Amino acid sequence: MHVINKDGTTPLSPTRAPRPKITHDYPGRKASGRSDLALSKFKCKENGVQPLAVTNGSTTPLVEQPDVDEEAGIYDPFKHRHLEHPTTDLDTLIHLLKGSLGTGILSMPLAFKNAGLFFGLFATFGIGFICTYCVHILVKCAHELCRRTRVPSLDFADVAETAFSCGPGPVQKFSRLARALINTFLVIDLLGCCCVYLVFVSSNLQQVVNHYTGTEMSVQTYMLSMLPLLVLLNLIRNLKYLSPFSMAANMLIGTGMAITLYYVLTDLPAVTERPYFSTWQQLPLFFGNAIFALEGIGVVMPLENNMKTPTHFIGCPSVLNTGMAIVVSLYVCVGFFGYLKYGDITQGSITLNLPHDPLAQSVKVMIALAIFLTYSLQFYVPMEILRKGIIDVHFRKHPVATEYVMRVLLVCATVGIAIAIPMLGPFISLVGAVCLSTLGLMFPAVIEVVTFWDTPGGLGAYNWKLYKNAAIFSFGLLGFVTGTYVSVEDIIAELNKTHT
């Protein structure tokens, strides 16, 4: 298929189309003129950029470079974003809060139990600050790479691939690996959250149903009973048809959280009755729980890319800083007062500590139903990644049938994993330690170093950004290793208890 050029000239053949070159819009650095294929793999998406050609063996179209800002001499990606329905700052703030506030807030009292009352207080603020700072790093790198490649917007995986493609020569060959790693950890993280949702819903339903019926059904039985409905619900392929479930879930969670806080804030004991610091052995579990709750980096780039004024997303003040300040404050309040209320008997979800009166039981049902409805929205994103990366590439003859089969298999897999690991607290910590320490801490640190390695002064005076990112990477790696080890150890111990 030929494409007519803007100037009306004869279009170039797709096999002979020139590859766009990376230009450098900052002084002091010589343009490399590199024209490697990897440097031209930037998605058009829905931003009005016209594709010129598709190279052989590539599923990503080359893009025509829009004009540069003539006055400043620097390409402004924000001026070239053509959005059909851009979001305002307030809309983006609301979406950020919805994307960051989930089941993690209900597990924060357990995080404080693993840290101690006051150590958990300060450590949660510290982890929240680091997570927010890493989001700033990612977004700033995205803006820089958009200017270099003259592409209006990039998502998380695009940023990683582009950073390595435009980075130092020795790392360019790892660009596709960087994209694959980001997408892999995103899929594992989101499907892991789906497993956590199943454990959460089943545990709350078990408490309610077993209390009123007098039965002793296991939590695994409740998971299996939900499987047929989950399969049917997740055969919905259009996100538009899932929006009513999202609205219903938001109303249920809001109502349930308000009633939960009423119980938590009633008859609080003195703070001296709780230890200010737990033990060093429990801190990895705290890290996993806290970062699982606080880390929302997966929603950042889609929100920023769809903003009417993307320059307002980062900075001071900014949408990101305002949203994360609210999120961290809410998580600290629920964690602090939840642990203060229930102490050593604090469970994986604060709802499991509520009494057995009808109002409290209704809260468990409301939040369980809300999380059940949220499963489909959480499941949608990894399915999109897998559809674009696997189905659209390897199963082009029967894409719809293949997608339905994959949806059924993945839902069954999440149920199977949840049945195998029905412990809510250690499971949350494991997902946080494995996925979110990498996505939220380690990857942004690496991306910034690679992005600015060849830029004169890009790493700051005395290369302080290099040492700063090494410290962030080390912190994330420490949390990854220790959190995974302790979480797996706890899971094995709990499984042994159930079998004895």
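From the backbone N, Cα and C atoms, a Cβ is placed for every residue, glycine too.
Annotation comment: TrEMBL describes 87-488 as domain 'Amino acid transporter transmembrane'.
According to TrEMBL, the feature region 'Disordered' maps to 1-34.
Here the transmembrane segment (117-139) has Cβ contacts under 8 Å with residues 108, 111, 156, 159, 271, 274-278, 286-287, 290-291, 294-295, 297, 300-301, 304, 313-314, 320-321, 324, 327-328, 331-332, 335-336, 339-340, 440-441, 444-445, 447-448, 472, 475 of the same chain, all six or more residues outside its ends. Residues or ranges marked as transmembrane segment in TrEMBL: 117-139 (among others).
What TrEMBL records for 180-199 (among others) is transmembrane segment. Within its own chain, the transmembrane segment (180-199) has Cβ neighbours under 8 Å at 102-103, 156-157, 160, 219, 223, 226, 298, 348, 371-372, 374-375, 378-379, 381-382, 385-386, 389, 410, 413-415, 417-418, 421-424, 427-428, 430-431, 434-436, 438-439, 443, counting only residues six or more beyond its boundaries.
Residues or ranges marked as transmembrane segment in TrEMBL: 219-236 (among others).
Annotated transmembrane segment per TrEMBL: 248-265 (among others), in sequence order. Long-range contacts of the transmembrane segment (248-265) within its own chain (CB-CB distance under 8 A, at least 6 residues past either end) are made by residues 98, 105-106, 334, 337-338, 341, 350-351, 354-355, 359-360, 362-363, 366-367, 369-371, 373-374, 377.
Look at TrEMBL and you will find 285-303 (among others) tagged as transmembrane segment.
If you look at the transmembrane segment (324-342), the same-chain residues 6 or more away from its ends with a CB under 8 A from one of its CBs are 96-97, 100-101, 104-106, 108-113, 117, 120-121, 124-125, 128-129, 131-132, 135, 261, 263-265, 268-269, 271, 274, 290, 293-294, 296, 350, 353. Look at TrEMBL and you will find 324-342 (among others) tagged as transmembrane segment.
What TrEMBL lists as transmembrane segment is 362-383 (among others).
Sequence-distant contacts of the transmembrane segment (404-424) (same chain, six or more residues past either end, CB-CB distance under 8 Å): 107, 191, 194-196, 198-200, 202-203, 219-220, 223-224, 226-227, 230-231, 234-235, 347-349, 352, 379, 382-383, 386-387, 390-391, 430, 490-491, 494-495. According to TrEMBL, the transmembrane segment annotation covers 404-424 (among others).
What TrEMBL lists as transmembrane segment is 430-454 (among others). For the transmembrane segment (430-454), the residues of the chain that approach it from at least six positions outside its boundaries are 29, 130-131, 134-135, 137-138, 140-141, 144-145, 156, 159-160, 163-164, 166-168, 171, 181-182, 185-186, 188-189, 192-193, 195-196, 284, 287-293, 295, 297-298, 421, 465-466, 469-470, 472-473, 475-477, 479-480, 482-484, 487-488, 491, judged by C-beta separation under 8 angstroms.
For 466-488 (among others), the entry in TrEMBL reads transmembrane segment.
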What stretch of 285-303, 362-383, 466-488 shows the most Cβ pairs under 8 Å to the transmembrane segment (219-236)? 362-383
